[in-house]
Structure formats: structure tokens, C-alpha cells
């Protein structure tokens, strides 16, 4: 057994089970990860009692939240536990026998509801309200438990932040932002993204050796070499905008926990990764059944069958603007097809972390990619974009459904978004910061697209090496200048040689690029795109 953080392991199961009665929300200890023999450090987010046994919802520290899970008492290693303190002082460690003083509000088992109440027609924002106790469970104590602390909140001194202090600080910050931005952070759709992994710093360019391919250009960087479109060069995580579709994420215990056990979408049964504000009565069911055409949700397969007998849709609503072979794209107006857009956001939230979901979809367009067969058009993925973006964002949110991941559909969505930008005659970029998976996909797409431009360059008639500028690359690809520069830096292709910047590509990079391109069997064909850009500033949204 591999226990991280140098914790010793005690095989006495009885003592472990006996000591778990002292554990409260906010405690940190090694936990056995599901289907592995690893014991990473985890934080207890919530506790419930089921059939006389306590179960613990844990978040593995430094791991993605999609790995969070319910574990049993025997999966906890209680030899060393970090207990949260009421006063927020230095967190101590306990070795099995010693237990902290427990507060009355946390005595016994505390079971939190799995989902907030679903907002009615009068409440558009899908922000969780104060939850009510689920049937058959003990309602949570009044106020915020002092032992609850989100992961990542401990200070550099090893302290765990007190729950009440955290709530007060969070409320102050929210009020301050409202005052600064005039409340613009509210009333907008969406799915904001926080970067989940640090960006590597570009290595220092060296004098190039003899390489077979050179692409040069005077003033290639022209003072903009330090600009990184995704904030990767300075090592800082960029802050999301407080307007448009980028709004702050309000983290609490309810939204930190997965509230849907399983969904059935067409032929696929999918286990969700994150919280989504579906109605609470549905979240208590073992599975939520979703119509793959209109995305309406039902509590049982029988209810879904009745719905399918009445549902006339066999494809997403809106206009089909692209079709090649079995792949189609539909453009959906968030104002004209509001119910579908809201259901799409609910579905996407199950697989997108660090998002705050709002039901105001009017300012957005949704582009849904489908795969066609004899039964209809089945959703593969989608991306959304603002009708009017002041910062030239061509993607607000992007998702490939889990059954279709690792098949090239993610890059196809990205390629289609840039194809739309080409039709609009401008460069575009995704809203930043990107998620971990989104960052990997975009960096891979940018690298392959830019290398494809370089390799296709031919020497001039007099035998001189080909030249190209950053602006030329942007014009050919519709990739924003900052993203082009950051990609060249991440690939370490930019070198300063004899008074000018040059891009050096060796045979190894060329072979790697060709192997990667061979895997991209599906590409966007601009001839199959039938679409005319609209000037949304001159029409009602």
C-alpha cells in the first residue's frame, strides 16, 4: 500500500473505525482512492450516516474535483489527522488517540442534501439557495459549520481557515466586487473556467544549430514576445472577467459535491464529474434520464419513453449550418431557443468545473456538433460564444461529451470555432483562463495549426529561406496574436540569430507533427459551411 505524505499505516481496523467518530468536516487525512492502492491526502467535505454506518465525501488534495467520492470508514487512515480549529489558528496533527474538542453543532452524523432546491420560474439564476433537509436525513445545523474549509484555503503556515471567517471574507469580497463593477457580474449565462494547472515557462532560446527548415522574418516579435494570451509566461493564474459570460464562482459545500449519481443520454450511461443544479427531487434518484434531442430530463426510463413518444425533435433546434458525412453543426440562438439552451447548460455543468451557471442565455449563440445515424442526430459536443464580444472571444465555453472524448472531436470543435472567425474576417481566442483539459486541447491545436503553416512554406525563387510574420500567421489561421506568440514560446521555436528573430524547425519536430496530423482523421471542410455572419450590434439580441 502506498500512503502519501509519509504517513504510517495501522492495520488495526477496529481502532480506525472507533476513531472515525471524532472526525468532522474539514479534517484532512490519508484516504484510499477508489480502485487503487494509493492513499493520498484528502479533505472531508461532508459526512452522512447510511444504514448505521458513517460515510465521508472527500476531496483529494491537489487532485481534480472529478475524483471526489464517498468513502467508507475503512478507507480512512486515522493515524494522523489534521483537525480544523475554531479560532483558525495553527492546525495540529493527531495520532489516533488524541481527539480535538468537538462542538455541539457537529455532534453525531450530519447529512447534507445533495442538491439545492431547483429555482422556480421567477428565479432565473441557478445559484443554490439555502438547502432544506432531504427526506430520511438529519438537517444541517444552523449557520455555517466551523470545521468546513474548502481545499486550497489553508494559509502558508499550514492553517485551515475557519468557516465563519471564510464566509465573512467571501461576502466582503463579493460586495466589494459588486460595488466596483456596478453589479455587472450578475444576470449573465455561464460557465466560467478557472485554470487547474500551471503553465510551463518557455525555455531560453539558444543559438540555433544547422536545421533543415528555417522561417525568418524581420521584427518577428516586435516587442510583444512577453505577451502570453493565456497568462502562462508570468506564472500567474489570470483572473476571470467580472462581466459577460465570465463571472465569479461562489464556492460552498453544496456546489463542491457531486449531486447526480448517473445520467442516461441516448445509448450512453455516464457518471457525472461535478455538481449541476438539477431539481433536488431528481438528484435523489439513482439515474436522471435525458432526451438526447431536446435535452429535457426525466426521473425514470418510463417517463422518458412517454416523452419520446411525444417529442418531435430528432436533431437540435436551430439552423444546420454544416454537414459533411455524418458530422453536422447546428447554430442555436440562446434567446429563440431558451429552454434548450438552459438544458444544455445544465448538462454541460456536470462535466465542467469552476463554473457559475446562470439561466440568462440571451446574449449567447450555441454551436452543437452532432453525429447522424438512422435514429437521428446525436449530440457529441458543443461550444458557446457571445453574440457581441468586446475582447474578440470566439468561444465562451466548450465541451466534448465523455463518450466521444479522445476521438478527435475536441479539436474539431476548436477548428470549427476558428473557421467561423475566418468567415467573420477577424481573429479570435477562447475565454481565459482555460480548464486543464481545455488548455491541453487548445495548445495542441495551436501548435499543429502553426506548424502546418510553417511546413507548407516554400523557398523563394532565388533560393532564400521563406519568410513569414506573426500577422501573416494570424491572418491565415484566425488565431489571435498573443496565442501565436505563446505557442511559439512554449514550443521553444523562437531564436534570436544575427540580429533577427528566426523560427527553427528540425526533423524531429516535423516527424512528430506529421504523426499527430495522421491521427486527425476528421477535419473541417470550409466548402460545407453554409453560414453568414450577423452584425448583432444592429439587431435585437
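Using N, Cα and C of the backbone, Cβ positions are placed for all residues, glycine too.
Looking at 132-157, 262-287, 288-313, the range tied to zinc finger in Swiss-Prot is 288-313.
Among 421, 444, 456, only 444 appears in Swiss-Prot as part of the acetyl-CoA site alongside 398, 399, 400, 405, 406, 407, 408, 409, 410, 411, 435. On the backbone, the CA of residue 406 (acetyl-CoA binding site) and the CA of residue 431 (active site, proton donor/acceptor) stand 22 Å apart. Considering other CB atoms within 10 Å as the measure, the emptiest surroundings among the binding-site residues 408, 410 are those of 408. Residue 406 (acetyl-CoA binding site): 8 other CB atoms within 10 A of its CB, across all protein chains. Each residue of the domain 'Tudor-knot' (24-77) gets a DSSP state, and the totals for helix, strand and coil are 6 helix, 29 strand, 19 coil. In the three-state DSSP classification, residue 406 (acetyl-CoA binding site) falls within coil. Residue environment of residue 400 (acetyl-CoA binding site) contains 24 other Cβ atoms, counted within 10 Å of its Cβ in all protein chains. For residue 435 (acetyl-CoA binding site), the number of other Cβ atoms no farther than 10 Å from its own Cβ, over all displayed protein chains, is 22.
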